[in-house]
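**Student:** This structure is in structure tokens; I'll ask about it shortly.
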Amino acid sequence: MAQKPVQLEREAFCCSICLDLLKDPVTIPCGHSYCMNCIKTHWNEEDQKGIHSCPQCRQTFKQMPVLKKNTMLTVLVEQLKKTELQAAPSDARSEDVACDVCVGRKLKAVKSCLVCLASYCEKHLQAHYESAASKKHRLVDPFRNVCSRHDEAMKLFCRTDQKCICYLCSVNEHKGHETVSAAAEVAERQRALKVRREEIQQRIHDREKDAKLLREQAEAIDRSAGKAVEESEKIFTELIRLIQKRSSDVKRQISSWQETEVSQFTELQEKLELEITELRGEDSDLEQLLNTEDHIQFLHNYPTLSALVEPPHSFSIDVCSLRYFEEVLAAVAELKHKLVLKQPLFDIICFINGTLRLSAPPSLLSLSINKTTYCTLYQAGSRLMNTKAFVCVCGFCKDGYKSLFHSLFKLKSCQIQRLELLCRG
């Protein structure tokens, strides 16, 4: 006669320190068992007190007992682990039929009742057996769908009414309807879903490609805008340096002219003062002659004083040259008027679809849009200096993909007579 296997209680094989199943179980002299690492850790903490005790009964030991592995407990714990593993109910997976009675954690059903129209796991199926009212119920292998009218598994699909039916439904209520097996209908719909999925995946691919292109365009715009700001700052710095240099040149020229003209006028003034001194002396002699009462003396001195001596140099003052400073101020004011930006910034940095061309001779730079020139730079004068001037032209295309064109041109001339910038409003 077969003997009933012994039921092992889990709590009897748990360590009272870690409250888990014994790992490398050892039994100390008082008879209690613990995990080897747990009791070692406990006794290491008691080393400072100089005693070693049992955590459960508090029996003390003068010396730390030698710990040896309890082989019998080890075998029993391993057997308990295997028993628990075999007895553990399995949870219902997505492809399994779940127990309809389980609450929360659904276990896998082992039978389905055609009368109750429910599926049961091992535990709840036992209760179904023990119920007097359900002893005569028909139990079958677990399935999900049962026809409520005929208590049969629904394995067919009615395309006319678009619903799942059983075999008895197909020969009664759905007689003459277009019916196929549920598997065939699923296969056909799966093919349709695959086609739809391919379309969606293609749209996803296209949208990801567009999104990538947009990101690349945004990054390109950021890089180009940053470069435009950097180069513009360099250009304006160079312009400020050139204006400051031109200001210094104007000041130096004014000072040089002032020094030259003042020197000439000072020299002329000295000559005039010398002539005035000489004339005053002659006038004094003439006055003295007029006051001579001796007629013979008067006639004797008259021939030497009567003739007026002409100055050795003739003086002429060019009054027009005194307006030099006013002309300089007028020229500087005119230059300021030409440099002042009158066009709005939006009209200068505009959306264009044009070409930037450096024509021959290299002194002429032009920006053309639809064969219409909108920006020209002319070089005049034959005096060339080592001055570096840069022209920066920025724009965007109108074809939907914005790009930034940036060109630098080095002009050798330090003097530009004409700067004409025409932008469409």
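Each Cβ is built from the backbone N, Cα and C atoms, and glycine gets one as well.
Because the structure is a prediction, the values reported are computed rather than measured.
Copied straight from TrEMBL:
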| type | residues | note |
| --- | --- | --- |
| COILED | 183-217 | coiled coil |
| COILED | 262-289 | coiled coil |
| DOMAIN | 15-58 | domain 'RING-type' |
| DOMAIN | 146-182 | domain 'B box-type' |
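Tell me what's around each of these sites.
**Tutor:** Confidence across the coiled coil (262-289), taken as the mean pLDDT and rounded to a whole number, stands at 88.
As a summary of secondary structure, the domain 'RING-type' (15-58) carries 14 helix, 9 strand, 21 coil according to DSSP.
If you look at the domain 'B box-type' (146-182), the same-chain residues 6 or more away from its ends with a CB under 8 A from one of its CBs are 112, 114-115, 117, 138, 140.
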**Student:** How many of the residues that make up the domain 'B box-type' (146-182) does DSSP mark as helix, as strand and as coil?
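**Tutor:** Counting residues per DSSP class in the domain 'B box-type' (146-182), I get 6 helix, 11 strand, 20 coil.
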